[in-house]
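Some notes on the structure that comes next.
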Amino acid sequence: MNQGVGPWQHTTVLLHEAVDALVHSPDGYYVDGTYGRGGHSRLILSKLSAAGRLLAIDRDPDAVAHATSGAARVTDPRFHIEHAPYSELPALLAARGVSRIDGLLLDIGVSSPQIDNPERGFSFRASGPLDMRMDPTRGESAADYLARADEREIAAVIRDYGEERFATAIARALVARRLAGRPVRTTEELAELVAQAVKTREPGQNPATRTFQALRIFVNAELTQLEQGLAAALQCLKPGGRLVVISFHSLEDRIVKTFIASHSKAVVDRRAPFAPPAPMRLRALARLKPGADEVAANPRARSAILRVAERTDVGIAA
C-alpha cells in the first residue's frame with residue numbers, strides 16, 4: 001500500500017494505472033479490498049455510472065473511521081465499506097446479496113498512516129509500543145509474540161519473512177534480553193537490539209528494516225491473507241472481471257505472479273492423459289512499475305509492481 005511521502009500525507013501509488021485497469025464497465029460492481037485512505041476508491045467512484053457500485057474493505061478500524069466520519073468521509077450512495085480482511089470477501093458479498101463482481105483491487109502492505117503513527121508500532125523511526133497489528137482489535141501484538149516465542153521460531157520468522165541473514169543472532173539477542181527480565185516492548189528497543197546484533201549493514205538501509213518487515217508480515221499473516229484473497233478473487237469474479245494487485249515486496253509479488261500463472265494455462269492431468277485439460281481461469285493482462293516521475297515524487301513507490309489479470313473461464317462448458 002505504502003501511501004505517502006511524509007508524515008500523514010497520502011499519495012496513492014500507481015493510482016490511475018490501477019483504476020484504469022480495474023474499471024472496464026461503468027455499471028459494474030467493484031471491490032477495493034484495501035481502502036487505506038480512499039485514494040483508489042474515490043477514483044473508482046468517479047468512473048462509475050449511477051448504476052455502478054463499490055464495496056470497500058479494510059482490516060484497519062482507523063481506515064474505516066476515515067471513510068465514515070469526519071471531513072474525509074465518503075457520502076456517495078454507491079459506496080459501502082466493511083471492517084474486515086479482504087480474505088473474507090465471499091462472505092461479505094454473500095451478506096450483501098452479491099454473487100459475482102466485475103473487479104477486485106488489492107494494494108498490499110502497510111500504509112503511510114500506519115507507518116507514520118508511532119502508536120501503531122510499525123516503524124523504527126520513532127519510539128512507540130511494539131504492536132504492528134493492522135487490526136488492533138484482533139490477534140497478538142509483535143511485543144506479545146516476542147515475549148513467548150522460542151529462539152528457533154523467532155529466527156525462522158525473521159529469516160523467512162525478512163530475508164535477514166543475521167536472523168539467528170537477532171533471535172538469540174531477543175531471547176537473552178527476555179530471560180534477563182527486560183523483554184522488548186517498544187520499537188526503539190527492538191531497533192537498538194537489532195543494530196547491535198547485525199554485524200554488517202547495507203548502504204542506505206537501517207539495520208532493523210528487515211526485522212521490522214518480517215515481524216509485521218508474520219503478526220498480520222499477510223502472505224496467508226494474500227493467498228486467501230487471490231483464491232477469493234477467482235471465486236467471486238465474473239468472466240471478464242479484473243484482478244488488479246499492487247505489491248511492494250518480492251515475497252508478495254512472487255505469490256501473485258505464481259497464482260496468475262498457475263491459472264493462466266490449461267493443465268493436463270498426467271494420470272488421465274485422455275481427459276480434457278483443466279480450464280484456464282485467468283489471463284494475464286499487464287505488469288507495470290511506477291515511472292521515474294512518480295518515484296521521484298514519492299520514493300515509497302520505487303518497489304511497487306502492478307499486475308493485472310482477467311477471468312476467462314476458457315475450457316468451461318456453458
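Cβ coordinates are placed from backbone N, Cα and C, and glycine is handled just like the others.
Marked as S-adenosyl-L-methionine binding site by Swiss-Prot on the basis of sequence analysis: G38, G39, H40, D58, Y86, D107, Q114. Q114 (S-adenosyl-L-methionine binding site) falls within a helix when secondary structure is assigned with DSSP.
Neighbour counts of Cβ atoms within 10 Å were compared across the binding-site residues G38, G39; the minimum falls on G39. Its Cβ taken as reference, H40 (S-adenosyl-L-methionine binding site) is surrounded by 31 other Cβ atoms within 10 Å in the chains shown. G38 (S-adenosyl-L-methionine binding site) falls outside any helix or strand according to DSSP and counts as coil.
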